[in-house]
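Heads up: the structure comes next, in structure tokens.
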Amino acid sequence: MAEKRDYYDVLGVGRDASDDEIKKAYRKLSKKYHPDINKAPDAEAKFKEVTEAYEALSDPQKRAAYDQYGHAGMNGGFGGGAGAGQGFGGFGGGAEGFGGFDDIFSSFFGGGARQQPNGPRQGSDLQYRMDLKFEEAVFGKETKISYSREAECHTCHGSGAKPGTSAETCHKCHGAGQIQVERQTPLGRMMSRETCDVCGGTGKEIKSKCDTCHGTGREEERHTVKVKVPAGVEDGQQMRLQGQGEAGSNGGPYGDLFIVFRVAPSDEFERDGAQIFVEVPISFVQAALGDEIEVNTVHGPVKLKIPAGTQTNTVFRLRGKGAPKLHGTGNGDQKVTVNVVTPKSLNSKQRDALKAFAVASGDSVNPQDNNLFDKILNKKHKK
């Protein structure tokens, strides 16, 4: 048996290809090699190869398994892939390692009788990146998104057959969806069951294929869905929209859509969960004497009292002025760090006042009145 080609090479895309790039490559190649269009002897084999590659790389879990294990990750030999988690937090881990004795024989002999290839199959999951401004992530928003997906064919309603006709029982597997195959194994010649290569495991054979989908039962559509972004989401978090992925097969349900949030940084604030951080400059006079200053928060400006004698890098807490708690109630806090700023230049009155302050404090200081540039000028004037 010829060695399988790399799925990325089959589709002609790089390993860092986006979902849209993979889908475009598949559409182009599937049309090129579709047996109803291309009559070349190897067209059907290439069409199946392209379809197999797309089914693996268009599914986030299957693609992750393939990237890690190669073709071995596609036959169940490395345990379960990551299962899609509900709500937030990404894809939950679901790997369980090797299964029982039946799983070992399944990997040797093509799946065994436990598989139901002609049963309903859920459609592939999709991933969508949503870019949010800092404030949108804090307060949430409602919006609509549009994306391409494989949907049930509107002409044949997923049957793959021309309207007025129906699929017939497969002549090769007689409706079982599987065929018996004899092969040589380390234990000798064994009989195994594999998915029927004529009907693809459906048990049905389409003689008169739908003109719209060419018998696949699916077509590409531009799908629009409303999304309610919860207040308090963070960069990298995911939200699942059930049933908004691609169409299933054999009457199976649609897959899910995973929205990945990418939050732009703020020029003023930093954030860690529900806590928001900001730095505010104050003068050394404000720090020494105390003051009431205005501080910006995501909820609007508020007043903050600065006690007399405040030191630089002192942190103040504004309770309830942070971001909403995503998995709780109420808001977090905003922490304000004050930085005492030393003036870079003083006029004569300010300088005299500081000298008087130094004398009153008993400090012995040697003021550096002139900078290097001033000293050079003074030397020139003296000459």
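Using the three backbone atoms N, Cα and C, a Cβ is placed for every residue, glycine included.
For reference, Swiss-Prot has these:
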DOMAIN    6-70  domain 'J'
ZN_FING   140-222  zinc finger
BINDING   C153, C156, C210, C213  Zn(2+) 1 binding site
REPEAT    153-160  repeat 'CXXCXGXG motif'
BINDING   C170, C173, C196, C199  Zn(2+) 2 binding site
REPEAT    170-177  repeat 'CXXCXGXG motif'
REPEAT    196-203  repeat 'CXXCXGXG motif'
REPEAT    210-217  repeat 'CXXCXGXG motif'
Where C196 (Zn(2+) 2 binding site) and C213 (Zn(2+) 1 binding site) are concerned, what is their Cα separation in Å, rounded? 21
How many whole Å apart are the CA atoms of C170 (Zn(2+) 2 binding site) and C210 (Zn(2+) 1 binding site)? 17
For C213 (Zn(2+) 1 binding site), the number of other Cβ atoms found within 10 Å of its own Cβ: 21
The repeat 'CXXCXGXG motif' (196-203) and the repeat 'CXXCXGXG motif' (170-177) contact flag, 3+ Cβ pairs under 8 angstroms: yes
Least surrounded among the binding-site residues, given as C156, C173, C196, C199, when other CB atoms within 10 Å are counted: C196
Given C199 (Zn(2+) 2 binding site) and C153 (Zn(2+) 1 binding site), what distance in Å do their CA atoms have, once rounded to a whole number? 18
